[in-house]
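Colleague: Dropping the structure in here first, questions after.
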Amino acid sequence: MQVTRARASILTLPHGTVNLPIFMPVATQASLKGLTPEQLEATGCRLCLNNTYHLGLKPGQEVLDAVGGAHKLQGWNRNILTDSGGFQMVSLLKLANITEEGVRFLSPHDGSPMLLTPEHSMSLQNSIGSDIMMQLDDVLVTTSPDKARMREAMERSVRWLDRCIAAHKKPDTQNLFCIIQGGLDLDMRRECCREMLARDTPGIAIGGLSGGEAKDDFCKVVSTCTEMLPDLKPRYVMGIGYPEDLIVSVALGADMFDCVWPTRTARFGNAITKHGVLNMKREMYAADFGPIEDGCGCPCCRPTEEEGAMGITRAFVHHNAAKETVAAHLLTLHNVWYQLNLMRGAREAVIEDRYPAFVKEFFGNLYPDRNDYPLWAVNALKEVGVDLLEI
Amino acid sequence: MTVDTQNEDSRAMRFEVLKGALKDGVAARVGRLAFARRLPIDTPNFIGMTSRGTVPHVTPDNLGKHLQTTGAYMALEDFIERPQRYSKRTPPIYGTPTTSKHNTRLHSFTGMPQSTTTVLSARRIPAVSSPMGNTNDSISVFTSTGFQALTLKEYLSAVEALDPDVAIPLADLTNKGIAPNSKRALRMAERTDEWVVEWFASLSESTTTASSTTATFAPILPVSYPMQWEYISRLAEDYLPTGQLSGLAVYDPDLLPDLAEHAPALLPLPRLSLSNPPTPHHILRQIALGIDIFTLPFLNTISDAGLALSFTFPPTPSTLTPASTSTPTPTSASTSLEPTPGPQPLAIDLSNPAHATSLAPLTPGCTCYACTAHHRAYVHHLLSAREMLGWTLLQVHNHAVMASFFAGVRAALARGCGERGRFAEAARQFALAYEPDFPEGVSERPRARGYQYRSVGGGEVKRNKAAWGKLEGEVGEGTTRG
Ligand SMILES: [Zn+2]
Ligand SMILES: [Zn+2]
């Protein structure tokens, strides 16, 4: 009997194959926060994100074309996924507004009015040369009470997908993913799924889950969508990065995730571990000569006698947190490794048919007391046949 | 010639002069400094400058992989701060356990590769001048939590605990950048003399119990020879014969000719320059004066400024007559990089938009990681986007350029150390081939808000402009929720 909807699969992309499920670190401006592409590759990363909005500003489309795309720019020979640029305009620029034509906003350079259309987004992403590109969608926070506007956004996203497909110049070397919208309205999500599936893109994203919604609602949306999606296409839940969210979303049948949280929190001195997030700036770590996380296989933590081990201690990270960039680099390395390794473990568990046990162990490590298990996770996992509270 | 400064079991340092003109006093020479369990350092050479135990922007894995630097200068003041709420705590570094991979506390705490030779001193270079001044048994040091006194006793026990390969005893310096008057100069020498006596007395006590392998490089003060002749004589007469003195830490290399004249016994010792030479021209001059090893603070500053070193030693024909092919197409007249006749720049400013689409290595022919895996366009982008990796790549490149500069120096010296030798000839060419100073980088600095840059005298201008509204930095990153 199959318990949970977790899947292990292999995604073949222009710059090599990728094992799913996967967490994709976000190299916003064609750089992963101080790590060299070589260091990133050594964590096992085979697919990372670049942000279209940022690359459109710097270095700009002209430079991207002259250099020959983002892979060439950053010396990264593995895969890249880019967003459409739309979300960042809407979330970063208060003055953005959306019309049928596209997203209107004021240029951060000179304040002049600009317009991001589906065609322009495709053109930018073609210049970037990402292996996976995202359609421009009409993003609305899921918690918006305006049903009519939500429907408009969903339907417009479908129309914009058609314009993206028409404008996409390199369909044989770049994969365009659609994005399912529809807020928290499950019927609207289903309707959107049907429309998007009819366009037959190589992959499917579930969008609009901004983190503002209740986790129960988040899980229902993911679950509703994955139920309808074909087995042979990757499913990408956008903007998700907390370990619990990853583990539950995998159980619900999702394959791909991205989030800036692991790298951003590293710069604030935080280490992600299986027992939770530890802030290395706290005085209690000043003379703690253990690794950042016991048992971690990253180059900072792995036992010193092993090849490539640096022998980094919590004390050293504490010593330099917020003082030297190296501390941030080391924590970034550890956190990225943690996230990728979590997904590697999930994949192995799925392959060996023991994902439920993996999930239980994960939550057991995170919460010493069962009573602290988040209810949303307990409920969502119960829906797919895993009872977290069962002894 | 070989100087075995110590007998084999107690001390593990060896310094050999392979080629040099010892008889004629001080002059450039080729040598090799080797410590047990560390990679030998071929001299003349430089060691990396650390900040808080790390070469800025370079993680230990990259250090081992991409920097040829086999030595690291560390300042104790980077490790002994007293946070206000924990002012009584023992500096954590003293309690670091050692491992099979990191056999000293200093290596272990900092994750410095085991093959790297460590040099411990009390203060950074350049040291921030203290308003408190030194006392008869302590100097004032600058930690991340402010100025504090470092006693000779604490420094001695730090050396014992951390077990650096080289330790530089306390020196009574003013760090003011101007020469002290003769009364102060005399007191500097007297105090330093007393401290060095106490230093060796204490070390010989501790070596009877512990097997310390630390080599002492005695400070030579930046005051005229007559002011410190007694102190220098003591080094030569009392501590050289006993084998306790292993090298010299020279704050002013111009004293070397006096030393050769008055204390020739000290000449076989390795000489480490702590004089903060501002350019490679100064380095060449100090090499000619007989310096073996350099600490080069300008490397970190240059990388932070977005500059990529662009010189070679000896200067290559193409630097004497620049080829326009290696120059990116200028995007506008104001950013023109057209080769100009005359001296070439010592570094190129990668924040210059002229590099925006250049797929060329940072400098032609460089084989460092930054130049082989990346190109100018990427570093330019990283600087312009204020991404930390830009400074990492510049550190890798700039350390590589410096390493090959010294390799070139050694090769030239091997073919002739004298006034008419290959080295002297190439040094003259170098002076003509390159501009006297580094260009001033316009790029924004990474650590300008760090305590290292705290202005003591005040009056510094704010270097980095305010971030642009909402689009930059933390807020500007955003996620991709679609
Ligand atoms: Zn780790
Ligand atoms: Zn280079």
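The backbone N, Cα and C atoms fix where each Cβ goes, glycine too.
According to TrEMBL, the protein carries these features:
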BINDING   B:Cys366, B:Cys368, B:Cys371, B:His397  Zn(2+) binding site
COMPBIAS  B:318-339  compositional bias 'Low complexity'
DOMAIN    B:27-434  domain 'tRNA-guanine(15) transglycosylase-like'
REGION    B:87-106  region 'Disordered'
REGION    B:318-341  region 'Disordered'
Colleague: Taking each of the binding-site residues B:Cys371, B:His397 in turn and counting other Cβ atoms within 10 Å of its Cβ, which one has the fewest?
Modeller: B:Cys371
Colleague: Which whole number is the mean pLDDT over the domain 'tRNA-guanine(15) transglycosylase-like' (B:27-434)?
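Modeller: Mean pLDDT across the domain 'tRNA-guanine(15) transglycosylase-like' (B:27-434) comes out at 91.
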Colleague: With an 8 Å cut-off on Cβ-Cβ distance and a minimum sequence separation of at least 6, pull the same-chain contacts of B:Cys368 (Zn(2+) binding site), or say none.
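Modeller: Counting only residues 6 or more apart in sequence, the Cβ neighbours of B:Cys368 (Zn(2+) binding site) under 8 Å are B:His66, B:Leu362, B:Val396, B:His397, B:His399, B:Ala400, B:Val401.
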Colleague: Is it possible to get the count of other C-beta atoms within 10 angstroms of the C-beta of B:Cys366 (Zn(2+) binding site)?
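Modeller: Cβ-Cβ neighbours of B:Cys366 (Zn(2+) binding site) within 10 Å number 19.
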Colleague: Under DSSP, is B:Cys368 (Zn(2+) binding site) helix, strand or coil?
Modeller: coil
Colleague: Using the centroid of the Cβ atoms of B:Cys366, B:Cys368, B:Cys371, B:His397 as reference, list every other same-chain residue with Cβ within 8 Å of it (recorded Zn(2+) site), in sequence order.
Modeller: B:Ala308, B:Pro361, B:Leu362, B:Thr363, B:Thr367, B:Tyr369, B:Ala370, B:Thr372, B:Val396, B:Ala400, B:Val401
Colleague: Can you see whether DSSP assigns B:His397 (Zn(2+) binding site) to helix, strand or coil?
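Modeller: SS state of B:His397 (Zn(2+) binding site) = helix.
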